[in-house]
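Read the structure below first, then the notes.
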Amino acid sequence: MTTYRAIGRLDDEPQLNAAQQQVVTATEGYVRVIAGAGTGKTAALTQRFAYLVNELGILPGNILCVTFTNKAANEMRRRIRRLTGDHDTGYINTFHGFCVSVLQEDSHAIRYPKSFLVLDNSDIDAMLQTIYEERGLTLRDMTFSAARDMIEMQKLKEHPSYYLDMLEWSIAELHDRYMQADNVRDIIFYGYLYQERKCFGLDYNDLIVFTLYVFERFPDICLTWQQRLEYIMIDEFQDIDALQYRLMEVLQGYHKNLFVVGDPDQTIYSWRGADVKLLLDFDKRFPGTRTIMMLENHRSVPQVLAVANSLIAKNHMRIPKDLVAARRSFGPTVWHHAVSPQAEAAWIAEGVAALHGKGVAYRDMAVLYRAHYASRSVEEALLKADIPYSLFSGVPFFGRSEIKDALCYLRLIAVGDDLAFLRVANVPKRNLGQRRMAYLRQYCDEHGCTMLQALEATCENDIFKRTKAKQLLSLVHGFRRSVEGRSVSEVLSALLDESGYEQMLRTEGSQERLDNLAELKQSVYEFEATCGEEVTLDCYLHHVALLSNADIADASKDNVRLMTIHAAKGLEFSHVFVCSLSEGVLPSRKTRTVEAMEEERRLAFVAFTRAKDGLYLTEAEGFGHQGAPRYPSRFLLDIDSAALEFSNRPADSQLDDARSAYEATDRWIADTAGQASIEPGTRVAHKAFGQGVVQGIDEQKRAYIIVFDDLDTPRCISFRVKLEVV
Ligand SMILES: Nc1ncnc2c1ncn2[C@@H]1O[C@H](COP(=O)(O)OP(=O)(O)OP(=O)(O)O)[C@@H](O)[C@H]1O
């Protein structure tokens with residue numbers, strides 16, 4: 001084997017190990033690389049690109065390199081530019097980004113303008129808004145997030161040839177189809193197709209499907225692209241979905257130089273349609289595939305790897321492999337059991353401070369968690385200890401809109417200021433829109449009062465007929481009268497309930513936002529319990545004002561990084577704290593299948609393998625969702641105990657209880673493990689409800705949505721229950 005040393009500036013490009021060398025130089029035919037966490041995929045991939053260009057003379061414009069995110073594509077481009085010195089970095093892109101290139105170049109094939117729109121979620125929501133208004137739908141019919149999911153499912157499963165309607169029907173025909181639709185799902189689906197077409201918008205699914213359409217319908221265009229792409233490399237192949245796979249199959253058809261790299265143990269996007277089998281069975285689909293294993297981990301000290309290896313070994317759906325540490329120095333892997341979430345957060349803050357005292361930069365430390373809401377207590381502890389941090393992906397806890405709304409409701413009672421009024425007077429909707437707000441503002445200007453006072457003075461005027469202005473005022477007055485002597489936590493709970501705010505979130509289906517509110521209530525309660533003196537509403541509001549005004553520094557600064565595990569994928573840090581490792585958090589309490597449980601374990605594996613020198617696993621006792629007792633995550637007990645050091649060990653009785661809780665969950669999963677076997681549209685009979693039609697399938701809930709002849713509203717019926725096909 002030739003030893004390859006890339007030319008170019010290589011100061012921070014490592015000297016490749018033997019497996020990486022093979023990866024770089026195996027350029028022809030089908031090559032599959034199974035690369036463990038931290039085994040240096042990025043270096044191998046970039047140097048492979050550079051090898052093709054620098055050594056073999058391939059033109060960058062004839063290489064397609066597919067990454068999973070835009071961020072990864074940018075980083076890859078930067079490194080490749082440095083190695084090749086060429087500004088043309090060819091096609092380094094996500095699948096969606098690549099499809100945009102194809103559809104722009106060949107837009108005439110779909111008769112769209114080159115300037116077509118790529119739609120994101122907020123564009124889709126704006127379209128839904130229009131459809132709901134035009135056809136008189138409300139969020140009670142379907143929340144926007146459910147509508148987006150429904151559209152995606154229709155496009156993928158129920159109407160996979162929908163794109164033909166978009167491409168072959170005239171806009172008037174699409175409009176007619178939409179206006180003739182007579183059930184909620186069809187109204188939304190055809191309304192959306194019509195809206196998309198009207199503005200020449202394409203969502204992510206369309207980008208791939210339209211590209212495939214162009215390649216199928218226009219063989220000459222297809223051949224041009226196939227001939228152009230002499231070499232194709234795909235990173236993060238474990239996360240590829242079925243449509244992307246089809247696209248890849250077409251693209252490689254001429255030169256047949258296809259290189260894929262992935263780690264089956266890091267599949268964490270099954271919920272988005274990723275299918276790890278496509279990596280595992282790659283050699284069967286492409287006979288003659290050469291497989292290279294990359295197992296030498298250059299990132300982590302052996303103790304971190306011992307923890308990660310012993311955890312992931314508990315999964316069954318995988319290629320067994322152990323990562324081997326290339327590094328020799330030893331660092332600790334600690335399990336800290338705390339008596340409360342505050343104590344857990346305080347321990348993390350102390351740990352961060354101690355490491356910083358030993359010279360570790362803040363930016364080299366990360367706190368990772370499964371769900372956003374877990375960041376709250378850590379944020380508070382870091383603020384208290386004066387440790388700078390940045391929150392990645394997502395707004396800081398106290399900056400989240402539902403938290404701000406809740407605090408503004410409290411402020412409306414305690415202070416009654418205009419900002420709070422403006423923020424929540426019409427949330428939930430009370431018909432106090434722009435016109436009426438402008439009226440109040442003018443009244444304030446003329447009378448020098450607050451908007452709340454203006455409303456009090458004018459609520460009998462005609463302009464407030466058919467609004468809920470009076471209900472708002474009586475809510476505020478009622479709470480002002482009763483606030484004395486009530487605890488803040490009690491006031492907050494009652495306010496969120498009586499104002500209709502929580503009901504609004506439930507109707508929208510915003511579970512994450514409801515969870516955040518539950519977390520806020522919990523934090524108020526804890527503040528009261530730990531404050532030592534009686535906590536008035538004013539005193540609490542001052543306390544949180546300090547938290548919300550805290551200067552949340554940006555990413556380039558020397559800050560501790562706080563992020564979800566999904567956001568940490570592909571990153572590394574010297575010291576990693578993984579917090580809230582409780583059963584019900586990681587694994588999530590929404591885990592309903594054996595497959596999903598394995599995915600949760602892979603998520604823990606991804607979290608653990610981000611650590612270079614030190615890994616700290618923390619959890620706390622107390623009570624979690626709906627008052628259920630918290631137990632340490634099953635994943636902590638999966639780890640080889642010899643690989644762990646305890647900072648504080650849970651009592652044996654707690655561990656026994658935890659094991660019983662795991663067993664109960666496993667039994668429940670086994671019980672509900674049925675698969676959907678009936679297609680939507682089928683007529684079925686239920687032993688109690690009689691006959692009905694399957695309207696859809698809710699994979700999350702593992703249930704059919706059925707409209708029964710004799711019931712007014714649809715029902716979710718678990719896969720578990722026997723239904724007879726009529
Ligand atoms: N041959 C090598 N010698 C020394 N260090 C290396 C070598 N290859 C990679 N590294 C270092 O190992 C670390 C992990 O590499 P990289 O981030 O590319 O891993 P990865 O395979 O993408 O991991 P993951 O899938 O877990 O994100 C990096 O710090 C990188 O600089």
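Count begins at 1; order follows the chain as displayed.
From the backbone N, Cα and C atoms, a Cβ is placed for every residue, glycine too.
TrEMBL annotations:
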{"type": "BINDING", "residues": "Ala35, Gly36, Ala37, Gly38, Thr39, Gly40, Lys41, Thr42", "note": "ATP binding site"}
{"type": "DOMAIN", "residues": "14-301", "note": "domain 'UvrD-like helicase ATP-binding'"}
{"type": "DOMAIN", "residues": "302-570", "note": "domain 'UvrD-like helicase C-terminal'"}
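Take the mean position of the Cβ atoms of Ala35, Gly36, Ala37, Gly38, Thr39, Gly40, Lys41, Thr42, the recorded ATP site; other residues of that chain with a Cβ within 8 Å of it are Ala44, Asp263, Met294, Asn297, His298, Arg299.
Filtering Gly36, Gly38, Gly40, Lys41 by Cβ distance to ligand 1 (under 6 A) retains the following binding-site residues: Gly38, Gly40, Lys41. Of all Cβ atoms in the shown protein chains, 27 besides its own fall within 10 Å of the Cβ of Thr39 (ATP binding site). The number of other CB atoms found within 10 A of the CB of Ala35 (ATP binding site), across every protein chain shown, is 27.
Gly36 (ATP binding site) is surrounded by 26 other CB atoms, counting those within 10 A of its CB over all protein chains shown. Residue environment of Lys41 (ATP binding site) contains 21 other Cβ atoms, counted within 10 Å of its Cβ in all protein chains.
Over the domain 'UvrD-like helicase C-terminal' (302-570) the predicted model carries a mean pLDDT of 85. Counting other C-beta atoms within 10 Å of each candidate's C-beta, the binding-site residues Gly38, Gly40 are led by Gly38. Using a 10 Å radius centred on the Cβ of Thr42 (ATP binding site) and all shown protein chains, the other Cβ atoms total 16. Around the Cβ of Ala37 (ATP binding site), the number of neighbouring Cβ atoms within 10 Å comes to 22.
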